[in-house]
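Presented below is the structure to which this report refers.
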Amino acid sequence: MGAFLLINAALGAGLLNYPVAYDRLGGLVYATIIQLFAAILMMTTMLILIYCAQINNEDSYHGVMRTMCGQRVMRISAASIAITCFGICVTFVIIIGDQFDRIFATYIGREFCHYWWANRFFTMTVTAIVFTWPMCYFRRLDFLRHINVLGVIASFYIIFLNIYSYYNHEPDPYHKYQIRTEPQSLLEFVAALPVVFFAYQTHEIVIPVYDTMAEKNIQSFSKSILISMLALLILYCLAGSYGYLTFGSNVAPDIMLMYNANDPIVLAGIIALIIKMITTYPPVVFCGRETIVRIILSRYRRQQQQQLRSGYECLTDENESLLSSANNYEHRWNIIITTIWNISVLILAIVIPNITIAIGFLGSLASCNVFIFPGIALFALIKRYRQFGYNHHHQNHQNHHHNHGRKQRSKFIETTSAVQYVDDGDGDDDLITERQSWFSSKFNIRHNRWLQNLLQIYSIFIIMMGIVMFIIILIQVYHDFQQPFEHGAVCDLISINQSTANSTQSANSTQSDRRSMN
């Protein structure tokens, strides 16, 4: 079950952009090697998060960052996840616009953008306001549970279309393409990495998925992670390889734009993809909104909790009014944040021409969520093991705890009952309980100095790799913005302007001909 949830979370918009990533990475061989490397790195960083969550008894990504790295890092990671969710929503709206463009271009022709009702601006705006926005204001999304199954089917359908098109596609003699065997440039190669890492990214939900397990065991859950990564590797290799071999260097940023909607099989896939984007949009908004609300209302919630604790022994009408006011206050913030979120997403989706730029930006944030923050957590864990003598006997810790007391601002203090106190920067020591885990007993991190050194070096490696990727990807995103656009909102404007200019030129030439005849 855990493997299915991870696969379902990972499969999505990355599938559409994968053939372009193959082109930038330098062909099938380079892309496959990079995917193997990415899958291994993803598994290790997910295990880091799970291990830290288990020893700290946390059930969320933010909670792990708080107990391991403090409030500041927790807020930064929360902001990164919120921005990632925002970028995913932008990508969804762009994909919806792309699919309508594909349908109208097939049945109306390339001049479809001249009709206001078929223009990209109109289709994205109407779809967002009528279908996606109303669902974002519900407090619960239980009604989407069964519809989300269609999203999984749509993801597999895209892979099927890539394979189907490879064996049924007729090459265009006027648009020849090449199949690369090596990267064209180092910058382009590195800039394609975020597409791969974004496609395998499930770190934001891996801890909640682990927490829902009846028996929380890293050994069994590591098998789920391995199965999910192998399944994703096979699925993405099929989608990327067949899509790239079919269209080569001519492949569009959105692979669905390359297919002819006259084919009923393709049309069914396009419609399923639109429904998937519409139904997947609200849960992503919920995730990002909850993160923002936690940051904004954290102080207000603490004040409410203190007031409720003071009157906990006797539940009075005043306490009930406090609960009611807190819920109303949070509900108002939910409405405000959701409205600003939806409007901003729509504006950016109209401005950004294709999903390559959007996914590139998401990949830069993914480098933080899957490398930098887990690396910092691992570094902090090893530092605490070393600093507070985990290599000593339990009795030494008990004596140390007895002599200094709880008032000492310690990071980790282990007692005979496996109770620890963690300073998260708020002035109080938070109580956490460590469970016996297969991972710690198997690799014996506490008592193995050599393994501690190796893990510390690895933590520095993934942190530095995440930082370098973040910078290079932003440079490539800026470079992509400078390139001419082949489709999308900007293309519509260019087409309209060119049409207006051509009509004006023809009118002027007609008038000049009449004057010459006279």
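Placed from the backbone N, Cα and C atoms, the Cβ positions cover glycine too.
Residues annotated as domain 'Amino acid transporter transmembrane' in TrEMBL: 1-383.
Per TrEMBL, transmembrane segment is recorded for 28-52 (among others).
Away from its own ends, the transmembrane segment (73-96) comes close to residues 12-13, 16, 61-62, 65-66, 123-124, 127-128, 132, 204, 254, 273-274, 277-278, 280-281, 284-285, 287-288, 291-292, 294-295, 341, 344-346, 348-349, 352, 354-355, 358-359, 361-362, 365-366, 368-369, 373, 376, 488 of its chain (Cβ-Cβ under 8 Å, at least six residues beyond either end). The transmembrane segment feature in TrEMBL is assigned to 73-96 (among others).
The transmembrane segment annotation in TrEMBL covers 116-135 (among others).
Positions annotated as transmembrane segment by TrEMBL: 147-166 (among others).
Annotated transmembrane segment per TrEMBL: 186-203 (among others), in sequence order.
The transmembrane segment feature in TrEMBL is assigned to 224-245 (among others).
Feature annotation from TrEMBL assigns transmembrane segment to 265-286 (among others). Below 8 angstroms of C-beta separation, residues 12, 85, 88-89, 92-93, 95-96, 99-100, 102-103, 127, 131-132, 135-136, 138, 141, 144, 147-148, 150-151, 153-155, 157-158, 160-161, 164, 256, 259, 338, 341-342 of the same chain, each at least six residues beyond the ends of the transmembrane segment (265-286), sit close to that stretch.
Look at TrEMBL and you will find 333-352 (among others) tagged as transmembrane segment.
What TrEMBL lists as transmembrane segment is 358-382 (among others).
The transmembrane segment annotation in TrEMBL covers 455-478 (among others).
Sequence-distant residue pairs (6 or more apart) of the transmembrane segment (186-203) and the transmembrane segment (28-52) include at least 3 whose Cβ atoms are under 8 Å, placing the two stretches in contact. Within the chain carrying the transmembrane segment (224-245), a Cβ under 8 angstroms from the stretch's Cβ atoms is held by residues 1-4, 6-7, 10-11, 14-15, 18-19, 21-23, 27-28, 31-32, 35-36, 39, 42-43, 46-47, 156, 158-159, 162-163, 165-166, 179, 199-200, 202, 206, 251, 255, all 6 or more beyond its ends.
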